[in-house]
Every structure is written in C-alpha cells, then in structure tokens.
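Straight from TrEMBL, the features:
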type	residues	note
COMPBIAS	34-46	compositional bias 'Basic residues'
COMPBIAS	47-56	compositional bias 'Basic and acidic residues'
DOMAIN	45-218	domain 'PiggyBac transposable element-derived protein'
REGION	1-60	region 'Disordered'
C-alpha cells in the first residue's frame with residue numbers, strides 16, 4: 001500500500017509541474033507584457049497631459065514665437081491675448097524684433113501706479129520705462145488701454161506731439177494704425193473664400209490655408225506695387241478715361 005506521505009508529495013509535485021508548464025509560463029509572460037505596456041501607456045498619457053497644460057498656459061507666447069520664426073528686424077503688433085513682458089524680451093533679445101500691443105491688467109509685471117484710476121482725468125496718460133521697454137496707460141472715457149512696447153523706447157517716441165483733441169500718445173496711434181491686419185483678413189476672407197461644405201476637418205483646414213495664403217500673397221503684392229491695382233473687367237481696372 002503506498003505511503004500517504006509519498007502520495008502527498010506526488011500530488012504536490014504534479015501541481016508544481018502543471019504550474020511551471022510551458023503554456024502557463026507563456027501566459028504569465030504575456031500578462032507581464034500587458035502590465036508593462038499599460039503602465040508605459042499611462043506614463044505617456046500623463047506626460048502628454050503635462051505638455052498640453054504647459055502649452056495652454058503659455059499659448060500666446062508660443063504662437064507668436066512660432067509664426068515669427070525666421071523673421072528679424074520686424075515689429076510685431078498683437079492684442080492682449082498674446083502680449084506679455086516675457087514675449088517682448090524674447091522677441092527683442094533672441095530675434096531682434098520689437099513688439100507693440102495691449103496688455104491685460106492682471107499681468108504681474110504691471111506697476112500699480114499705472115493701473116490706478118482714482119484722480120485720473122479722462123484722456124490722460126501715464127508712462128513707465130525700462131531700458132528697452134515702454135508702458136503706456138491711456139484713459140479713454142471710463143475705460144483705459146495699457147500698451148507695452150519695445151518699439152518705442154524714448155519718451156519722445158511714446159508721447160509724440162499729441163496735437164489732437166483726444167490727446168492720444170504716439171504709441172496709441174501707432175497701435176491703432178497697425179492692429180487692423182487680422183480684422184481686415186477676416187473681412188476679406190469672409191467675402192472671397194474658397195471654402196466649401198465638408199465634414200472632413202483636414203479639408204476645412206486646407207481651405208483655410210488657401211484663404212490665408214491668398215490674402216498674404218495679395219498683401220505682399222500691394223507692398224511691392226503700391227501704385228498698382230488689380231484689373232477688373234466690370235470697372236475698367238487700371239484704365240481711366242481721358
């Protein structure tokens with residue numbers, strides 16, 4: 001009669017043999033691979049989320065630096081979504097570009113004296129300067145504009161002659177004369193567009209690229225031909241009657 005202890009050992013050895021069979025080992029390795037892959041995917045997702053949050057946090061600066069890549073010796077005019085002291089310094093020091101734009105009043109670099117409204121007269125201005133940057137606070141009616149500029153660095157450049165009824169400084173006039181580029185782009189593209197109805201977003205992006213590229217080409221052509229005009233069969237184009 002077999003010894004019960006021997007039978008117990010035999011049973012135990014049988015379980016161990018089954019546990020370490022090639023099929024079970026392969027399944028274990030496959031499970032381990034899945035766990036590692038899942039862990040790696042989770043890590044990559046977290047890193048991507050951090051990059052997206054950082055990009056959104058500095059989106060205005062990133063966009064301006066991207067679209068002005070390769071440009072030097074230019075002045076960039078932008079609204080308060082993009083303007084910051086950090087951006088102005090990076091454009092000036094890294095690319096020799098100046099910046100002119102309105103700046104949001106919650107920016108930490110703005111001095112309190114420039115934001116204070118109590119005791120200010122309507123159409124009055126306040127100025128602040130560093131070595132290469134000027135800040136202007138212009139009180140128009142009850143609202144105020146705060147502009148940052150590395151294009152105007154001297155008091156005379158910022159203030160100007162101001163022989164106007166609204167007493168606007170030169171920096172305000174320069175901003176107003178340059179800020180309409182994007183507005184004009186939107187107006188022209190809305191009137192003359194190659195866009196067509198589509199449910200495919202890559203095609204919609206492609207249509208927008210064509211529209212903006214066409215407008216940019218027209219702007220460049222007008223710069224190169226300031227006295228030229230586009231011929232129009234209905235209006236006589238460039239021809240005038242004598």
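Each residue, glycine too, has its Cβ placed from N, Cα and C.
In the compositional bias 'Basic residues' (34-46), helix, strand and coil residues by DSSP number 13 helix, 0 strand, 0 coil. When pLDDT values are averaged over the domain 'PiggyBac transposable element-derived protein' (45-218), the model yields 85.
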